[in-house]
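Here the structure is laid out as structure tokens; the discussion comes afterwards.
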Amino acid sequence: MWSLQNLLFTICIALICVTSAVGVIHVTGYLGSKVEISCSYGPGYQSYEKYLCRNDCDDSDVLITTSELTKNKYKTHDDKTARIFTAIISDLHSTDAGKYWCGVSKNWNDIYTEVKLELVPDSCCDSVTKVESYAGYSVSFSCPYESSYQNNLKYICKGTRPSICLQQALITSDNRENPRFSLDDEKMSTKFTTKISSLTQSDSGRYLCGIQRNSDLHLFCAFELKVKDHCCDTVTNIESYEGYSKSINCPYENQYRNSLKYICRGNRPSTCLQRALITSNNRENGRFSLDDEKTSRIFTLTISSLTQSDSGYYLCGVQTNSDHDVFSAVDLKVKEWCCVRSTEITGTVGHPLTLQCPYPRQHRDNRKFLCKGDHRNSCRDMVMSESRFALRDDIYSSSFSVMITKLEEADAGTYWCGSDSRWRVGNYTKIQLSVEFLQHTSTVPSTVKTPGKTVPPTSENLVKTQTSTMKALGKTQTSIMKALGTTQTSTMKALGKTQTQTPGQPVKDAALYVPFTVPPVLLLLIGILVVVVYKWKYHKVKEDEAIVDRNAPKAKGLEEVMGAMDNDIYGNQEVMMYSKKQTSKQQSACAQYEDEDEEQDYENFTTSEDIYCNENFHLANRK
């Protein structure tokens with residue numbers, strides 16, 4: 001019986017509690033953040049204790065009361081004037097979601113308000129609008145909202161956490177000025193627009209536009225801003241050659257037909273218009289010209305007389321009414337104009353020199369020429385203007401030669417030889433001619449330099465040859481002088497002995513022996529000298545012939561030494577005969593070089609081959 005009465009009492013209390021509950025409050029919070037639960041109460045309960053509880057609100061289910069203010073992660077605040085009790089829950093976890101009760105203590109008849117807490121991730125948003133701009137420019141993005149929120153607070157922050165966006169707001173509708181940020185609330189079109197000026201790369205990132213709501217989560221939309229310091233992601237690569245003209249085509253959309261167009265160097269859009277090479281308002285500027293084809297929606301920049309310094313990035317810009325202009329990028333590469341081949345040659349002043357130039361077989365009927373100048377556009381035709389230059393065309397070998405009959409110091413410089421008057425790339429040879437002077441008369445001719453192979457007579461070889469020759473001459477002279485001294489001493493001793501043995505005879509009788517003694521001795525000495533010189537020269541000739549076969553330029557040093565011998569005291573005719581013999585060998589070698597392998601392949605002309613032949617000097621042993 002007693003138990004039945006207790007059950008009825010409990011049911012009665014439960015019915016009273018339920019009927020005392022005032023509506024249901026829905027609250028949404030962000031995981032990891034905090035949430036405020038606010039419950040209003042009626043007049044007359046200002047002095048009563050309020051509390052927050054869960055489940056059945058037993059003593060163990062009470063989380064915090066107004067008498068405690070703070071307990072664990074809970075806080076309370078009772079605004080008795082507004083009659084609002086507020087409980088704050090921080091560091092929210094998924095287990096914190098669910099049903100709560102705001103309670104007002106009243107003897108055996110507490111007043112309860114039901115609260116349902118929903119938790120969502122602290123991030124935004126499913127849809128993100130991407131915006132791009134360039135450093136130094138400005139950017140704007142608009143955030144729409146419903147008309148019911150026209151008078152609500154608007155704000156913008158940088159980041160992805162809605163829970164702290166308002167606290168970290170860069171600007172709000174209540175404070176619309178911030179050095180680089182501005183906010184304009186267009187209530188008629190139900191959107192607010194934020195503008196960021198003087199962009200830097202550090203401005204890149206996620207931005208949230210927020211609208212405050214008092215009873216629920218704030219409303220947000222997200223923007224992803226990318227600030228680039230250069231343009232562009234897509235670059236068009238074009239190539240040309242020195243001295244040519246090149247056109248750069250820049251397409252644009254139909255809406256920009258009447259907009260200003262311009263081109264600048266570099267990849268900085270923020271300063272492109274200020275540094276523009278040319279604009280559609282000023283279409284001529286030295287080597288640059290601009291043509292706007294509005295029908296095809298393409299404007300074209302033409303650069304004439306290209307140089308390698310014109311290589312680099314160019315931006316095509318179209319001025320717009322928005323925060324930044326529209327750009328496209330071009331990378332121009334200007335290649336060196338010349339050549340099939342570049343070569344160097346050195347000639348001797350006063351001597352003839354022959355230059356040989358190949359050409360394509362299809363140019364056999366073209367006019368061939370050799371001109372001189374630092375650049376092909378300003379060179380002088382030497383065959384037409386100088387009688388010392390003679391051109392001979394060999395159509396069978398697809399090459400022509402130009403002979404300079406007597407080289408002068410002023411002939412040094414850059415030469416261009418070719419067979420195409422239009423100066424198209426790939427049909428020319430660039431020649432760098434140097435001249436030198438000979439200190440001694442010699443039949444050794446010019447020294448030809450080609451890339452990868454140089455065959456000049458070295459000073460080291462000349463010094464070695466001259467040193468060995470002078471040593472041999474010195475030894476011979478020393479031996480001859482010793483022989484003469486020995487003979488003279490023996491003769492004087494013989495005369496002295498004769499004088500001593502016949503002291504009573506006059507001196508002139510002793511002198512009669514001299515004509516009979518001296519001539520045989522002198523003849524003997526001359527014979528010895530001739531044999532020594534002949535053997536030395538025969539050995540030297542054999543040695544020098546071997547040296548000439550190994551390295552033809554060494555002949556120059558030997559001839560100079562032989563020339564010195566010819567001017568000295570010996571005057572040996574065989575020395576001059578030997579010099580002539582070597583000269584004839586060189587001339588025959590040159591003739592053999594010209595006749596051998598005359599057919600040349602223009603396509604393979606880039607290899608380092610010996611193509612130049614001086615009339616007085618050829619390689620005696622072609623490799």
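Just so it is clear, glycine is given a Cβ too, placed from its N, Cα and C backbone atoms.
Look at TrEMBL and you will find 1-21 tagged as signal peptide. For 24-120, 128-228, 235-335, 342-436, the entry in TrEMBL reads domain 'Immunoglobulin'. Annotation comment: TrEMBL describes 138-211, 216-318 as domain 'Immunoglobulin V-set'. The transmembrane segment annotation in TrEMBL covers 510-534.
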Among the recorded stretches 24-120, 128-228, 342-436, which has the greatest number of Cβ pairs closer than 8 Å to the domain 'Immunoglobulin' (235-335)?
-> 128-228
On average, residues of the domain 'Immunoglobulin V-set' (138-211) score a pLDDT of 91
The domain 'Immunoglobulin V-set' (138-211) resolves under DSSP into 9 helix, 34 strand, 31 coil
